[in-house]
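Visitor: Dropping the structure in here first, questions after.
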């Protein structure tokens, strides 16, 4: 029996907050898991320290599925972002340990590689259409084959996805939540213009993506999807609030633009209808928020039966530990579609040294045993936690709205 003898939570803020779980076994092997929940980090810290770690000590680190079921079924209050993020951290760390003991990169334990690398997309944004296209050209020069485009909307003081620091977008900030302003009518007039200009400027050989970030009703989303059809988007993301599964049926009736959703999903029940009825094309659920590698592989297998591909969330609110875990997952599932890749800051990369690398539009997890990522605890300690909130959104008349 390979006993878990220690588990600790490490919180660090090398530019933004990250929560890491580190598990140690009786033979001295360690594994790491990401436990970051953007804007609610300390809730997961408490859940791990107060409710999970006491139950982890003494368990067999080899029994990953059993440990997963113990914490999922045994909690009674199943699911939810806090519990599933904490469970994902445990799951990642145990897979890291198992692959290290096997002396091979995790993707080999998951069935081996289904492809040579993982195609990723970057984020191009700007205050104007021209600025966004200029940023997109930079990604093309770096070899990206897929690029998400976001631009400022005329008449609105701020827009989701647009930041001053182009490569390292981070919406969360300190003190109290920033209040943004939204206008659906202004946005719907502007978005098609962005993609008309982008397709003309960037050509037909690059995949273009766009994130609505839950801002539309189903009929509005159907209209937008129809308007964007001439520009052949790879996907339209989060067109409506993700919990509105039935709403995607109405969108499907009005457009052939591919649809993606799911970064806030924590279990298959959040997307069962979407998958079974083929109401989406890409599932954005993450290793981190969907209960870890163990659970996401089950969801992906179910999606594969219905011709739905994966498109995991991969913004900078996930640490390099999740990025590494996602790449092992991506490389090993047959229905992989695309992986989001927002580059971390140099400070973050220093705290989380990793084996994964980028080349010609693709990431590869590397050949190091385990996840191929670690945490420099001494360096992490130099970046203490800083309270931060995600923004909130209001309509122009002051009504609270979806951010």
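Note that the numbers count up from 1, one per residue, in the order the chain is shown.
Quick reminder: no glycine exception, Cβ is built from N, Cα and C everywhere.
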Visitor: Please identify which of 59, 284, 297 is recorded by Swiss-Prot as part of the substrate site containing 38, 123, 263, 313, 317, 340.
Guide: 284
Visitor: Of the candidates 179, 237, 243, which one does Swiss-Prot list alongside 211, 263 as binding Mg(2+)?
Guide: 237
Visitor: How many whole Å apart are the CA atoms of residue 123 (substrate binding site) and residue 211 (Mg(2+) binding site)?
Guide: 10
Visitor: Cα within 10 Å of residue 211 (Mg(2+) binding site): which of the recorded positions 38, 160, 284, 313, 315 qualify?
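Guide: For residue 211 (Mg(2+) binding site), the recorded positions whose Cα atoms are within 10 Å come to 160.
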Visitor: Applying the rule Cβ within 8 Å of the centroid of the Cβ atoms of 38, 123, 263, 284, 313, 317, 340, what extra residues of the same chain belong around the substrate site?
Guide: 286, 314, 315, 318, 342
Visitor: For residue 340 (substrate binding site), identify the closest of the recorded positions 160, 213, 237, 315, judging by Cα separation.
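Guide: Going through 160, 213, 237, 315 one by one, the closest to residue 340 (substrate binding site) is 315.
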Visitor: Can you give me the Cα-Cα distance between residue 213 (active site, proton donor/acceptor) and residue 237 (Mg(2+) binding site) in Å, rounded to a whole number?
Guide: 7
Visitor: Rounded to a whole number, how many Å is the Cα of residue 160 (active site, proton donor/acceptor) away from the Cα of residue 237 (Mg(2+) binding site)?
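Guide: A Cα-Cα distance of 13 Å.
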